[in-house]
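Novice: Starting off with a structure, shown below.
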Amino acid sequence: MDQQMALTWGLCYMALVALCWGHEVTEEEETVPLKTLECYNDYTNRIICSWADTEDAQGLINMTLLYHQLDKIQSVSCELSEKLMWSECPSSHRCVPRRCVIPYTRFSNGDNDYYSFQPDRDLGIQLMVPLAQHVQPPPPKDIHISPSGDHFLLEWSVSLGDSQVSWLSSKDIEFEVAYKRLQDSWEDASSLHTSNFQVNLEPKLFLPNSIYAARVRTRLSAGSSLSGRPSRWSPEVHWDSQPGDKAQPQNLQCFFDGIQSLHCSWEVWTQTTGSVSFGLFYRPSPAAPEEKCSPVVKEPQASVYTRYRCSLPVPEPSAHSQYTVSVKHLEQGKFIMSYYHIQMEPPILNQTKNRDSYSLHWETQKIPKYIDHTFQVQYKKKSESWKDSKTENLGRVNSMDLPQLEPDTSYCARVRVKPISDYDGIWSEWSNEYTWTTDWVMPTLWIVLILVFLIFTLLLALHFGRVYGYRTYRKWKEKIPNPSKSLLFQDGGKGLWPPGSMAAFATKNPALQGPQSRLLAEQQGVSYEHLEDNNVSPLTIEDPNIIRDPPSRPDTTPAASSESTEQLPNVQVEGPIPSSRPRKQLPSFDFNGPYLGPPQSHSLPDLPGQLGSPQVGGSLKPALPGSLEYMCLPPGGQVQLVPLSQVMGQGQAMDVQCGSSLETTGSPSVEPKENPPVELSVEKQEARDNPMTLPISSGGPEGSMMASDYVTPGDPVLTLPTGPLSTSLGPSLGLPSAQSPSLCLKLPRVPSGSPALGPPGFEDYVELPPSVSQAATSPPGHPAPPVASSPTVIPGEPREEVGPASPHPEGLLVLQQVGDYCFLPGLGPGSLSPHSKPPSPSLCSETEDLDQDLSVKKFPYQPLPQAPAIQFFKSLKY
């Protein structure tokens, strides 16, 4: 009965001690290797485990993984790894990862594998404890202080248990009281001893305005038979001891409380506490089995050692007076289910291209067919991180089509596998990264910009090419000789006839009164507007709408010549034309390309200002299409052209004498005589400011033509009229008038209603009668053949020079080209216009009258030098 009561009180005391130490009790901790241990298998032939030890314990002790099979324990060899595969290291430690491979093929659904860790050597300690010599009384409790006047009363209590059972009595204990300021250390604290359960503290013991702290502990009195140590209250003083194994636990102490408990504590190097766990084991007697003390309490320590505590029950101190206590390494482990911890081998990844798309293909390795699994694919740009990659979770497939990728970009992809359904595990390792580069494709924006640029460039090229081609064409066209470029025949020769150049003839010369005066007056105000309505080119002299029938071949008998000349007086006495009569359109040269040509009915075209003769043996007909390329000489004609420079170089011109028979109604007959050849006399009248050549009448019924030193570019062929010439013979040039009959060119009287005179035409070539040209070759005594007509120079009237002759009647006339202008053979662009002396007044009264009138007005007959042709026409342009 007494023993049962003692056991009951012992258990109550242990419960009370446990309540007092409750705030320090903690559960048994798992070590870092056990926390990080994870094992997975392929469920075929191996198990892979991953765990980590702390870096601090690495130099003190090595831990070994143990694999417990059904019939044996296998030590597993592990190697260092770069990282933990499936777990994380605790934040308070620095881990050293390890990886272990365990060959194993006996897998089944009921497997529950057990793993543990063992240090590389035995670790432990042992102590013999006599109870009477290891007594530590319990600490005081229920401590409180209260003011009492100017003193402070500190009170406490101690539970000594049943006096019948307990070895400890109030006579065996005393109390030690320590006090100090709050900021002071306990080593500097003041203390006092008392055997009472209270103490009165005087004010002189304290400093004013300070906070103090006090503590009490129980001590064994000096007269007690027990020995031991005081109760806990303050930390122990630490000092350095002799060198030793720091991984070994030390300072194992056990104290019997004198009642029913044995309190033990030990210290462990703090750096090893993360890797190794220790436990307290004891034997009540040497023959008793070893038991484990629990629970183990860890005291927080600021030093390099960590203190652990554990209390042992002492139910029968008398029966078991000596305990054997030891601290050993605790073996810890856990169970892992194999079919829930499967990790497969990583797949093998490849990539293929299908036209414009890309596909990923992979193959798995060593996967049982009955284990269902799934795949996870990640792909990204090579420059990006895997955190920004795109992830696709697929079923049990072995390929995946990638979406549209950016061109000319490097991509990376990887794949892994994981078991699902009845089996479980974790993802396998990622496969090797597969890298490829997509093909380069021109962006759509670039294509649009290039097309726009090409179109714009093409338009610019076409534009500038067109402009350049047009300019080149114009330059090329300007180099082609063309009569239309010449100002000689533009606007009817308006530029060659200044308004005041003919005023002297119209107002001062009595021989020009009447129709001729009106004719000259109209020259100053003549209008060329009618040229715009003409169907022929402005260079055409003859009106294409009204031409006359060409007369028959000229009769060389004197009668024919007389008949043609009988009409001249009629023309001279003709009155003015009524104003109601329509004015004849101003004719002009006809041209087409580089050729000049008059209507077919004329040997040379008429110039503006000359009237056609009355109809002689012909009627008006519609205009025949004139040759635009040729001017025909009269059939069978022997007319020749001689340059004036050559003619004038032979001597001075003879005076022109005209027979009085020219003024009668009868036609003057040309009597062939054995005299020197008759030459044509040419006269030139030049104005003061603008040189003007007086026209020479061709004697034809269709009018006459004016000429200058040059014509526009081309190869014109002048055509002589087929009708009889109405010219009279005059004196030969350069011969005395007494030795040869004179020829005087004479124009028919010009009606008042006829058009005004046009600009000067060809000037430096004259026509020689056949008799003149043949006289040089005729033998003496044989007269020259009679001439039908010959040009006669009549002063005061326009003169005409017959067109140049060709080697045959219809041959071409070759001109000399200088720049854009052509000149007659033998003349340059700066040739001076030749002229002759005025005719003798005794031979031609009209010429004499004109000379007198001109002499009064002081019009010199000496010619002024003409400007070069090119400069002349440039001056007309500007």
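Cβ coordinates are placed from backbone N, Cα and C, and glycine is handled just like the others.
According to Swiss-Prot, the record shows the following:
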| type | residues | note |
| --- | --- | --- |
| TOPO_DOM | 23-440 | topological domain 'Extracellular' |
| DISULFID | Cys39-Cys49 | disulfide bond |
| DISULFID | Cys78-Cys95 | disulfide bond |
| REGION | 223-244 | region 'Disordered' |
| DISULFID | Cys254-Cys264 | disulfide bond |
| DISULFID | Cys293-Cys310 | disulfide bond |
| TOPO_DOM | 463-878 | topological domain 'Cytoplasmic' |
| REGION | 539-620 | region 'Disordered' |
| COMPBIAS | 554-570 | compositional bias 'Polar residues' |
| REGION | 660-709 | region 'Disordered' |
| MOD_RES | Ser752 | phosphoserine |
| MOD_RES | Ser754 | phosphoserine |
| REGION | 771-810 | region 'Disordered' |
| REGION | 829-849 | region 'Disordered' |
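Give me the lay of the land around each of these features.
Specialist: Note on the topological domain 'Extracellular' (23-440): its mean pLDDT in the predicted model is 85.
DSSP assigns Cys49 (disulfide bond) to a strand in the three-state reduction.
Around Cys78 (disulfide bond), the same-chain residues at least 6 positions away in sequence with a Cβ under 8 Å from its Cβ are Cys49, Trp51, Leu65, Arg98, Arg99, Cys100.
Summarising the environment of Cys264 (disulfide bond), the number of other Cβ atoms within 10 Å of its Cβ, over all protein chains shown, is 26.
In three-state terms derived from DSSP, Cys310 (disulfide bond) belongs to an extended strand segment. Around the Cβ of Cys310 (disulfide bond), the number of neighbouring Cβ atoms within 10 Å comes to 22.
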Novice: Rounded to the nearest Å, what's the C-alpha distance separating Cys254 (disulfide bond) and Cys95 (disulfide bond)? Just drop the number here, would you?
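Specialist: Spelling it out, the Cα of Cys254 (disulfide bond) and the Cα of Cys95 (disulfide bond) are 35 Å apart.
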Novice: With an 8 Å cut-off on Cβ-Cβ distance and a minimum sequence separation of at least 6, pull the same-chain contacts of Cys39 (disulfide bond), or say none.
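Specialist: Set apart from Cys39 (disulfide bond) by at least 6 residues yet with Cβ under 8 Å, we have Ile47, Ile48, Cys49, Ser50, Ile102, Asp113, Tyr115, Ile336, His341.
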Novice: Between the Cα atoms of Cys310 (disulfide bond) and Cys264 (disulfide bond), what distance do you get, rounded to the nearest Å?
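Specialist: Rounded to a whole number, the Cα-Cα distance is 5 Å.
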Novice: Across all the protein chains here, work out how many other Cβ atoms are within 10 Å of the Cβ of Cys254 (disulfide bond).
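Specialist: So the number of other Cβ atoms within 10 Å of Cys254 (disulfide bond) is 22.
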Novice: Rank the disulfide-bonded residues Cys49, Cys293 by the number of other Cβ atoms within 10 Å of each Cβ and report the first-ranked residue.
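Specialist: By the 10 Å Cβ neighbour count, Cys49 comes out on top.
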Novice: Sort out the sequence-distant neighbours of Cys95 (disulfide bond) for me: same chain, 6+ apart, CB within less than 8 Å of its CB, listed by position.
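Specialist: In sequence order, Val32, Thr36, Ala52, Asp53, Thr54, Glu55, Leu84, Cys89 meet the Cβ cut-off.
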Novice: Between Cys264 (disulfide bond) and Cys293 (disulfide bond), how many Å separate their Cα atoms?
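Specialist: So the alpha carbons of Cys264 (disulfide bond) and Cys293 (disulfide bond) sit roughly 10 Å from each other.
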